[in-house]
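Peer 1: Dropping a structure here in structure tokens format, bear with me for questions.
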Amino acid sequence: MKLLEGKNAIITGGSRGIGRGIARVYAEQGANVAFTYSSSEAAAKELEEELSKLGIKAKAYKSNAASYEEAQDLVANVLEDFDSIDILINNAGITKDNLLMRMSEEDFDAVIGINLKSVYNMVKAVQRTMLKQRSGSIINMSSVVGIKGNAGQANYAASKAGIIGFSKSVALELGSRNIRSNVVAPGFIETEMTAKLDEKTVDGWRQAIPLKRGGTPQDIANACVFLGSDMSNYITGQVLQVDGGMLT
Ligand code: NAP
């Protein structure tokens, strides 16, 4: 049985890394997938084709998650193409790490804009549709760093902690309309980006994790399948850590 058969999902930042992993697993589970990218046009088109071969509807949209207007336009376009939106996954995110002493205002604002304001933009944009449908599942991508904090990532940790407060508030506001809002907090996930790092350093990180390995985009995607599907119909306002026990 496919867990997301016939559901329409929007995933922000689907062109690479975790977002691409979610898009793939969602398509395998029968969901129609609308996903966004910021600049990776070729990768986005390639993924659109790959997903379409699975017999579902897939479409890539160029949209800056930090822009309120672009989020409004995106949702209008997705509604035209897909008719309804059952699941929203706010995954787009960036880092601009530095010790606070050296962190510029520009880098603080960029991280808050793309990681946190984007969540506000997208939830505002889909809210009316989900209210009318009287159903919807919103999944916001935080991080264990948003729970614990991390030296050199004050901007990123603030954005990811903000996502948790925002999501819990939305869960309280929209629960009576059967709209659920949950958070996934990944630990260390291995992507193309981490493949470029020094193997010894990365292995040190792996050994510090109780399950003795980094996570994969598929691990995060599986949690998103659960939270997007009817299997989690009585779950809202929660933070699901997918971190191999890293933060326990
Ligand atoms: P990634 O490989 O860098 O991919 C980021 C994705 O977001 C790309 O598709 C990118 O599009 C998109 N994006 C960036 N800025 C955007 C914008 N302004 N508007 C729309 N899309 C934008 O990142 P990742 O590692 O997969 O991370 C995905 C999410 O998981 C992020 O929220 C991150 O904070 C969170 N997370 C990751 C880890 C980890 O270990 N990797 C751990 C905890 C949490 P382009 O390709 O066009 O640039």
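Placement of Cβ uses the backbone N, Cα and C atoms for every residue, glycine included.
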Peer 1: Would you please say which range out of 37-64, 121-148 has the annotation coiled coil in TrEMBL?
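Peer 2: Matching range for coiled coil: 37-64.
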Peer 1: Most Cβ neighbours within 10 Å: which of the binding-site residues Ser15, Ser159 is it?
Peer 2: Ser159
Peer 1: Where else in the chain does the coiled coil (37-64) make close Cβ contacts, counting only residues six or more beyond its ends and a cut-off under 8 Å?
Peer 2: 12-16, 20, 23-24, 27-28, 30-31, 70-71, 73-74, 77-78, 81-82, 92
Peer 1: Anything from the recorded positions Gly13, Ser15, Asn91, Tyr156, Ser159, Ile189 with its Cβ under 6 A from ligand 1? List those in sequence order.
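Peer 2: Among Gly13, Ser15, Asn91, Tyr156, Ser159, Ile189, near ligand 1: Gly13, Ser15, Asn91, Ile189.
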Peer 1: So how many of the residues in the domain 'G5' (1-58) end up helix, strand or coil by DSSP?
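Peer 2: For that range the per-state counts are 24 helix, 11 strand, 23 coil.
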Peer 1: Using Cβ-Cβ distances, find the residues under 8 Å from Ile189 (NADP(+) binding site) that belong to the same chain and are at least 6 apart in sequence, listing them in sequence order.
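Peer 2: In sequence order, Gly17, Ile18, Gly214, Gly215, Thr216, Pro217, Asp219, Ile220 meet the Cβ cut-off.
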Peer 1: Based on DSSP, name the secondary structure state of Ser159 (NADP(+) binding site): helix, strand or coil.
Peer 2: helix
